[in-house]
Amino acid sequence: MTIQIYNTLTRQKEIFKPLEEGKVKMYVCGPTVYNYIHIGNARPAIVFDTVRRYLEYRGFDVDYVLNFTDVDDKIIKTAKDVGEEVPVLADRFVNAYLEDVGALGVKKATKNPRVMDTMDDIIAFISALIEKGYAYEADGDVYFKPRSFDTYGKLSHQSIDELRSGARIQVGEKKEDPLDFALWKQAKDDEIAWKSPWGEGRPGWHIECSAMVKKHLGDTIDIHAGGQDLTFPHHENEIAQSEAMNGETFANYWMHNGYINIDNEKMSKSLGNFVLARDLIQAHDPRVLRFFMLSVHYRNPINFTEALLESAKTSLERIQTAYHNLSHRRDSSLNLTNDDAKWLQLVSAAMSKFEQDMDDDFNTANAISVLFDLSKEANVYLQENQTSTEVIDAFQDAISQILTVLGINILEDEETLLDETIEALIKERNEARKNRNFARADEIRDMLKEKGIVLEDTPQGVRWKRGK
């Protein structure tokens, strides 16, 4: 099988061919750290972490770089408003980001470069662009000339003339052409600044990523990823800067995730429907939030509602319950029989389907459907009088492998079941008793007892508590 990636640059799926066999250079645009991240920021963190996980599952060594923009107009303003130094504020929100995405199951990046630590590289990059004729200095500012780069607009599929018609020079700007964008900004009074050949100042946003990519991954990388909103101008400008500088293709594959809507409206501060990731993490199991994010293909918009999140919770519980049921039956299972061959074949086919779905532009929505099918078939298998450890292990290994790629860990619940899972098992036990399937009802009671959960049947229904 071969992996296909939808490339924003060509607007089609392409077979993934890394620059170096067995290795992947991947760069993801991280946050500007002036506040806690909202769920729109959390989506690319989850999506591209999952892409990384699948590439690693397929045997690739992934050099995964995610940057932090730690100096910016918004950061400077926020620092002034709260009376903090810019580096102190940036550190605080870098740590908050890592805490939030860590709770969402995001693996640590290979590197997390920051702008303040890359200043010498940024200045050297800008100097080279000036020497090559792609940029110019204007009274302490430095601007890049998109018209000097022949293929400008190729990522966003816009012509230079179309872009020119909507561009304006703002009051106070020193650029020669409305399309020109800042590589270096002259320092303002009382703002953090760095020394440069053009006087004290700080870099523009776009040049920061180009310099960090070059420093940590080289002139050409395999995958560059980020939110759909970054396609233009940020990623377009990155391409122009980097390819003008290096004379090489900047990135072979460009990946962009879709927007998040809140109750069918685009999330924005002006609408007041701005949802912080950490608020959801505190209110819900973060694994449910991740599961919800992956239930829709990454390129599609996703609509967030509490009802849909609750539905994701129920769906994940179904998978957890199937896994725990398998665990309970394993110890009482026997050796493999001839009748079990069909079940092993079913599990093998499911894993092939999972890989087929993920090979097709990382289709996590379809991969989750495979999980549901496996869970359903596992429950059917457990209804048989005799089960084998080999089949149970096959089911559990398959479910575990898929969940690991999706970044969802349910194994931590093996010793202490989540309350939601306990309730789901009690509900299943009630249904079994109602259908006079007393063997299954007793089996569930015994399983919960082994996990330290004591059931008490009362006239008002079943109550449960954790045993000492």
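Every residue, even glycine, has its Cβ placed from backbone N, Cα and C.
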Among 11-15, 231-235, 266-270, indicate the range for which Swiss-Prot gives the feature motif ''KMSKS' region'.
266-270
Motif ''HIGH' region' per Swiss-Prot sits at which of 31-41, 42-52, 372-382, 394-404?
31-41
Counting only residues 6 or more past its boundaries, what in the same chain has a CB within less than 8 Å of a CB in the motif ''HIGH' region' (31-41)?
68-70, 72, 74-75, 77-79, 89-90, 93-94, 96-97, 100-101, 227, 259-260, 267, 274-278, 280, 289, 304
Secondary structure split (DSSP) over the motif ''HIGH' region' (31-41) reads 3 helix, 2 strand, 6 coil
Test of understanding: give the count of other CB atoms lying within 10 angstroms of the CB of C209 (Zn(2+) binding site).
26
Taking only same-chain residues 6+ apart in sequence, whose CB is under 8 Å from that of E238 (Zn(2+) binding site), what do you get?
H206, C209, S210, V213, H224, F250
Please identify, from the binding-site residues C29, H234, the residue with the sparsest Cβ neighbourhood, meaning fewest other Cβ atoms within 10 angstroms.
H234
